[in-house]
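A.B. asks: Have a look at the structure that comes next, please.
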Amino acid sequence: MSLSTLTHTAAAAATAVGSGKSLSPASPAAKSVVRLPRTRPLAPAAASAAPAAVHADFAEDRVSALSQVSGVLGSQWGDEGKGKLVDVLAPRFDIVARCQVRDEMRFVFFFLGTQHKAVSISSIILLSTILLQGGANAGHTIYNSEGKKFALHLVPSGILHEGTLCVVGNGAVIHVPGFFGEIDGLESNGVRCDGRILVSDRAHLLFDLHQAVDGLREAELENSFIGTTKRGIGPCYSSKVTRNGLRVCDLRHMDTFGDKLDVLFKDAASRFQGFQYSKNMLKEEVERYKRFAERLEPFIADTVHVLNESIQQKKKILVEGGQATMLDIDFGTYPFVTSSSPSAGGICTGLGIAPRVKAYTSRVGSGPFPTELFGEEGDRLRKAGAEFGTTTGRPRRCGWLDIVALKYCCQINGFSSLNLTKLDVLSGMSEIKVGVSYNQADGQKLQSFPGDLDILEQVQVNYEVLPGWQSDISSIRSYNELPQAARRYVERIEELVGVPVHYIGVGPGRDALIYK
């Protein structure tokens with residue numbers, strides 16, 4: 001199961017970090033376990049004369065309660081199932097915008113009710129259809145009504161809905177060849193993109209040279225590598241911060257484009273011996289981007305103006321976040337983080353608008369993972385949940401739901417509701433653990449999620465153990481029809497986190513969603 005803050009089972013062995021030291025122990029950390037008794041089954045709900053109609057009405061009521069500007073963000077380390085939720089919600093919104101890279105955890109969280117002036121991001125669902133920040137280093141996997149699979153990296157997940165306008169915001173970084181590759185793939189499968197996607201003229205361009213630098217940087221770090229996807233996201237944001245990056249609007253000024261790109265090439269060549277650069281390379285790249293500029297022009301817009309005008313016109317906007325809070329450059333498990341801010345604050349900076357959460361946890365790459373599972377248990381979760389990266393195919397590390405990390409993410413983002421995904425993956429387990437608190441190596445209880453990785457890698461996780469369920473729940477669409485143990489698991493999460501679960505995923509399909 002996944003919430004934007006759930007953790008997936010770990011890879012078979014932890015990745016070595018730093019001076020050969022692993023941030024994840026070779027075996028699960030010492031832990032204390034509290035077993036919760038099985039409670040008596042709830043009395044069966046009264047049969048409804050029209051259960052399908054009642055379910056549809058409840059779902060509509062739940063979605064209609066979302067505010068004008070709503071966001072879906074990741075509350076763990078990514079892979080929470082944000083893309084599916086955005087796809088389900090998109091038909092109720094006029095615009096779906098992306099502000100970050102895609103890659104989050106299995107628990108998706110909604111935060112509702114944060115209001116400021118005229119705009120209220122009252123529903124930050126931990127996912128969004130506006131690309132706020134980030135690039136194509138991670139993906140969202142969604143299925144259309146016919147069950148066809150689509151893997152999206154830059155194009156917002158709302159693209160499968162004909163009436164939805166998709167926006168890639170100023171906080172994103174754009175690899176133009178990859179962007180057109182996604183569009184070509186969508187259109188070859190009957191998805192019309194013309195006139196339906198806007199790209200911010202302020203977004204930064206990610207070049208192949210950034211990808212080359214990303215690989216050289218990882219190789220240079222040797223055993224201390226961060227575990228990036230080598231898609232060039234970090235180096236591109238580095239160019240942005242050092243103020244020598246190129247933006248989408250620079251494609252409209254090809255007379256100076258080459259000089260600016262030359263600075264980037266020279267900077268990379270001076271920094272890395274393995275980076276080969278020549279004037280002929282520059283000439284070829286400029287000619288290539290002249291062709292891209294012509295094709296990209298119809299997509300380019302001042303998205304800050306478009307979005308704020310849309311808000312004034314009372315249009316509904318769904319913001320699609322990428323990555324997750326625990327990968328936030330400021331609030332995540334630094335340095336094992338992404339290069340942008342995939343938490344609530346990134347919506348404002350990544351889109352230029354003023355302010356007004358899996359059943360288990362997973363993460364890809366290196367970094368601390370307190371509730372990580374190893375061996376057969378981890379393999380079972382990974383296989384049952386198809387926990388392999390959309391972009392790289394790398395196996396995700398999986399583990400029990402980490403309440404400490406989840407509560408931390410809820411505090412950072414102000415979530416008002418959660419989307420618990422992949423609950424069906426836990427079917428068949430005799431018991432299910434939930435990490436409820438951390439102790440330091442000396443036994444002292446930690447009061448919050450630590451920012452010090454030396455402390456985090458040594459924490460002892462205290463678990464509660466809940467009874468599991470044996471039946472297949474993938475066809476269930478009503479909360480009251482779930483096994484009593486499954487309901488108990490959901491409700492215990494609500495009790496521990498203090499945020500209600502409103503959406504429960506029980507399969508990969510668009511309709512495999514329970515509204516609670």
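Any Cβ shown, glycine's included, is placed from N, Cα and C.
So TrEMBL has the following annotated:
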ACT_SITE  Asp79  active site, proton acceptor
ACT_SITE  His140  active site, proton donor
ACT_SITE  Lys240  active site
BINDING   78-84, 139-141, Arg396, 422-424, 505-507  GTP binding site
BINDING   Asp79, Gly139  Mg(2+) binding site
BINDING   Asp79, Glu80, Gly81, Lys82, Asn137, Ala138, Gly139, His140, Thr229, Arg243, Gln323, Thr338, Arg394  IMP binding site
BINDING   Thr390, Thr391, Thr392, Gly393, Arg394, Pro395, Arg396  substrate binding site
A.B. asks: For Lys240 (active site), what is the tally of other C-beta atoms lying within 10 angstroms of its C-beta?
C.D. replies: 20
A.B. asks: Non-local Cβ contacts of Val506 (GTP binding site) (under 8 Å, 6 or more apart, same chain)?
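C.D. replies: When sequence neighbours closer than 6 are ignored, Val506 (GTP binding site) has Leu423, Asp424, Ile473, Ser474, Ser475, Ile476, Ala512, Leu513, Ile514 within Cβ distance under 8 Å.
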A.B. asks: For Lys84 (GTP binding site), write down the residues of its own chain that are at least 6 apart in sequence and whose Cβ falls under 8 Å from its Cβ; none is a fine answer.
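C.D. replies: Long-range Cβ contacts: Thr141, Ile142, Tyr143, Thr421, Gly505, Pro508, Arg510, Leu513.
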A.B. asks: Just to be sure I understand the packing, how many Cβ atoms besides its own are within 10 Å of the Cβ of Leu423 (GTP binding site)?
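C.D. replies: A count of 29.
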A.B. asks: Neighbour count, 10 Å Cβ-Cβ cut-off, for Gly393 (substrate binding site): what number do you get?
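C.D. replies: A count of 7.
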A.B. asks: Give me the Cα-Cα distance between Lys240 (active site) and Gly393 (substrate binding site), rounded to a whole Å.
C.D. replies: 28
A.B. asks: Just going by other Cβ atoms within 10 Å, which of the binding-site residues Arg394, Arg396 has the emptiest spot?
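C.D. replies: Comparing Cβ neighbour counts within 10 Å for the binding-site residues Arg394, Arg396 gives Arg394.
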A.B. asks: Return the count of C-beta atoms lying within 10 angstroms of the C-beta of Pro395 (substrate binding site), excluding that atom itself.
C.D. replies: 20
